[in-house]
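Take this structure first; my questions come after.
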Amino acid sequence: MNNIEWQESTLILLDQTKLPTEISYINCTDWRQVAEAIKMLRVRGAPAIGVAAGYGLILAAMESARLNAPFNEQLVTFYDFSERLKETRPTAINLAWAVERIVNLVKAETKTSSDMEHIIKIITAEAESIHKEDVGLNRRMAEAGASLFEGQCNLRILTHCNAGALATGGLGTALGVVRKLYETGQLERVYADETRPLLQGARLTAFELHEDDIPVTLETDNMAAYAMQQGLIDAVIVGADRITTKGDVANKIGTYGLAVLAKFHNIPFYVAAPYSTFDFTLKNGSDIPIEMRDAYEVTSFHGIQTAPEGINVLNPAFDVTPHELVTAIITEEGVLTPDFEESIGKLCHIVQNR
Ligand code: MRU
């Protein structure tokens, strides 16, 4: 099942808000539809929203080209659209990373070209390359992650939210590792946290693993402590939305709690993320902007009210796990271990010299 596909000037997105009961797609021919899809989590997961935004920028450039205006004005409009697309979700750095990667390319190209059709071609090639690159990054992360479990079998892995194929352009980050362990016969089962309030674990992780016949047990978030206490969990593997140079990790709300629990129970806590999830400009997790979402996501589900009318609600979409609670970070360049400032510094060096 393809979650993101670019076909003849249309971005086709699997509508993840409808899963698992309905498999339906939306055809985006306007960048505003892409922005809406990102905002409403029709496409979600840090790498996937970066990929979708890349294609969204082709639509933004096409609309700018249709303006009956001089090239410079078309460009200003394109940059304005890019900014608006970038602002749809503030925590996942992959979104800003993808937009900036394309905008910087356009800025460089327009030093020598003032042909919008040519710029559209450049953007299309870059968006496709971001997508293709993500597939490869996932594969390399899966290999690196599996190396942490050499010689181990019957592994029971707990994961939170959805860091799978649905959240990326490829196999997934955390679930890419899980898939590799399944392939090598080392995986016994995945425990999937339901992930309140929007149930990405129940609706998406359980769905995609079940579809692939990978053994999965669903639990509500408040059962994780019980599962650990009962000795049911060998390791936690989660994805990330942004990682700082110190190794602080922003991920779906509830991840921090899991990390605290894992520490108490002496269970390794792993984070799987590609280089595009690292914010090399930010040191402290407390400086990561946390997306606050609408109250109705907590007070209702699928349109059914589950809390008193008008109740006050706290709804941060992400939390930050301090680096002290992270055992290792799995990247396409291998496994990073503490001291993270040093190992992430090395990753930054590799990325800047690619
Ligand atoms: O709000 P979401 O569903 O976009 O949150 C997704 C997550 O938190 C994932 O764990 C993260 O983006 C990593 S996805 C490979």
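Positions of Cβ are set from backbone N, Cα and C atoms, glycine also.
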Since TrEMBL lists Arg44, Gly45, Ala46, Arg89, Asn251, Lys252 for substrate, which candidate among Gln152, Gln200, Gln305 does it give for that site as well?
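Looking at Gln152, Gln200, Gln305, the one TrEMBL places in the substrate site next to Arg44, Gly45, Ala46, Arg89, Asn251, Lys252 is Gln200.
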What's the number of neighbouring CB atoms sitting within 10 A of the CB on Gln200 (substrate binding site)?
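For Gln200 (substrate binding site), the count of other Cβ atoms within 10 Å is 28.
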Check each residue in the chain of Lys252 (substrate binding site) that is at least six apart in sequence and keep those whose C-beta is under 8 Å from its C-beta; list them in sequence order.
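Same-chain residues close to Lys252 (substrate binding site) (Cβ under 8 Å, separated by 6 or more) are His160, Cys161, Thr195, Gln200, Val238, Asp241, Ala317, Phe318, Asp319.
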What three-state secondary structure does DSSP assign to Ala46 (substrate binding site)?
helix
Could you check what DSSP calls Asp241 (active site, proton donor) once collapsed to helix, strand or coil?
coil
